[in-house]
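Worksheet for the structure shown next.
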Amino acid sequence: MAPIQDKTGVMPPLYLPQEEEEDKMNGSIPAKAPTVSLFGAPKQAAVYDDPIEDDSIIKNENNPVYKLQNWAAACCLNNQRLFGRAIAFILFVGFTVYFAFAVDFSVERSMALIVITALSIGWIIYAYIRDNYGDSIYKYLIEPVEIFLVHHWGWFRWFFYPALAIGVVFYLTFDVVKEVKQLQSISGFVLFIIITYLTSKYPDRINWRPVVWGYTLQFILAILVLRWEYGYIAVKFLSDEITKFLEYAYEGAASIFGDPWMIFHAFVFMAMPLLIYVGAVMSILYYYGITQMLAMKVAWLMQKSMQTTAIETLSVASNIFLNGANGFNVDVAALSSTVDAIRIQLFARWQPCYCSRFRLCNLCCFWSVMSAPASIAIAKLNFPETEVSVTEKMEDVQLDSGEDTNVFEAAANGSSVAGKTVVAVVVNFLSFLGLLAFVNATLGWIGTRVGFDELSFEWICSYLFYPFSLVMGVDMSDCREVAKLLGIKIFTSEILAYQELGRSVAAGLINERSRAIATYALCGFSSLSTLAIAVGVWNSICPQKVGQMASSMFRVIVEANMSCLMTACIAGFNLNHWQNQGSDDYPNCMVAEYESNYLKEKKKERKKERKKERKKERKKERKKERKKERKKERKKERKKERKKERKKERKKERKKERKKERKKERKTDRQTDRQTDRENGDRVLPNESRTNQLQQ
């Protein structure tokens, strides 16, 4: 058999795996830049390409259809610019007309359209300036500032950091702090930083710049949203739109499992389909490059300010826009501290089932963005780097563009990956709930032996996490209840904790301030059940990483929970501002609604339907009653008419009969008179003469 040759007739080099690795090490084969794969390992080719097989296609160029296709393709290529401008002009005119009609019809209903249009116009202007004047702007404006800061940062930081600290202190003193309760939250924030520092793995190797900038960015984001009215309105609008978009997953679940309002197992039949839906959506966004673009912009800002490695900054920024299923699959060749920072942000971020099932209206997107710099800060404080990374600049890392051939394959692959996560979540959730029930039963048995029936897992947690609740700013009367919720969240699941929080609020066990702080503290995919879920997902998708990831999972879970508690502290010392605004709407910006918006709408729809049905039934009943009444009336009228007619007929008949009788009587009288006259011998006169005689 002849050796395989390429089209040039040259034998291609055949590399064994070990020889190829040696050539890469020697530099014979250039090494590629590290690639961040956000959706796991690359897929294997489905079809084996045999180099011996001839795959060439014989074309008949004389075919008229083939000629027509070639002519159309050549025409489109030669006039590509003209066709593109014509199509763009038609679309622009059509959209302008539609936009004008929509705004004229209702500005409130068209608010989402207005925002999307404004963002699109802003992006077009930015892209035009970037492509035409970006190099000049960077060369003459940005680069000189960067060079100045790099050369003079050694002495400039001694003025910048003290000024920043003094500014924060003055701001907190004169604008934020109005009550003693807010000082509790500030002291709790400082206490959590001290605890993280004291438990650091390498306290002598801490780089304080990413720590300071991480918490500074988190503080700035909190100020923009929690204390600036327009920032709050913007985040609330965006979060409400995201919530509405996510709730479309229930339509798919309803077609398979039935009406969600009638489902009693909401966790499996409502929350888990939502994760699959989000996985498909995120895969579609990744296929079109939207996720990569947003991640690159956020990563650039964080990398410039915090000076972290590009690979961890990019991965943390990507986790903001990825769902939990894809976040588990972030594939990076990074240092241990880098992986630690990535996983902290992953476990401290929000989950989509929160904002739909519990309707955490303005937490859903704000929480993820706010937790990104904080996760890097707490990771660099608790697990600092001890090695030099090879990916210090953004140019050193390339985002994987994915291997999906079309949008349908992207959606299908995203759903498949999310499906594996759903299985791991459900299985581990079931086992942990069973273990919790066993622990509670055991503690109850131990307590009843000594006459203490209140002993339970929740009772122990209410005392174990009491100090954490107190330093977060929770009222002392509510500390035990919030501590119990923290224990449920950490040892079981945040979903169970939110359910228990809803019951506590309904029973009036905690006030509004404690409710708001607990809402922030419980938000995060950082329970101990997460460890089992993560291991299950990694074992099903990338088993080679299970040992590496599981070795430091306990530290990651603790750091992620610490990040959630610190965010709750930031919310705690901002609560008073909204309560002093005199508006009932602002305090709700940090209060979760514990019933799904989708279920509320369904409930309203059913209420309306039942109201319509009752209205129709009443209308039908009234119609039937009126019909019966009219029927009765007509029957009575007909009866009366028949009675009158019969009466008239009888009257006529009696009249006729009387007339006949009188006529007969007169005739009989005349006959009698005639007979009498004959008997008397009188001459009988004719009728007329007789009548005249009688008249005389």
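Cβ coordinates are placed from backbone N, Cα and C, and glycine is handled just like the others.
What TrEMBL annotates here:
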| type | residues | note |
| --- | --- | --- |
| TRANSMEM | 86-105 | transmembrane segment |
| TRANSMEM | 111-129 | transmembrane segment |
| TRANSMEM | 158-177 | transmembrane segment |
| TRANSMEM | 183-200 | transmembrane segment |
| DOMAIN | 188-259 | domain 'Concentrative nucleoside transporter N-terminal' |
| TRANSMEM | 212-230 | transmembrane segment |
| TRANSMEM | 262-288 | transmembrane segment |
| DOMAIN | 368-572 | domain 'Concentrative nucleoside transporter C-terminal' |
| TRANSMEM | 422-443 | transmembrane segment |
| TRANSMEM | 455-474 | transmembrane segment |
| TRANSMEM | 517-538 | transmembrane segment |
| COMPBIAS | 601-665 | compositional bias 'Basic residues' |
| REGION | 601-696 | region 'Disordered' |
| COMPBIAS | 666-682 | compositional bias 'Basic and acidic residues' |
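Between the transmembrane segment (455-474) and the transmembrane segment (183-200) there are at least 3 Cβ pairs closer than 8 Å, counting only pairs 6 or more residues apart in sequence, which means the two stretches are in contact.
Comparison of 86-105, 183-200, 422-443 by number of C-beta pairs under 8 angstroms to the transmembrane segment (517-538) places 422-443 first. Between the transmembrane segment (111-129) and the transmembrane segment (158-177), the number of CB pairs under 8 angstroms, six or more residues apart, is fewer than three, so the stretches are not in contact.
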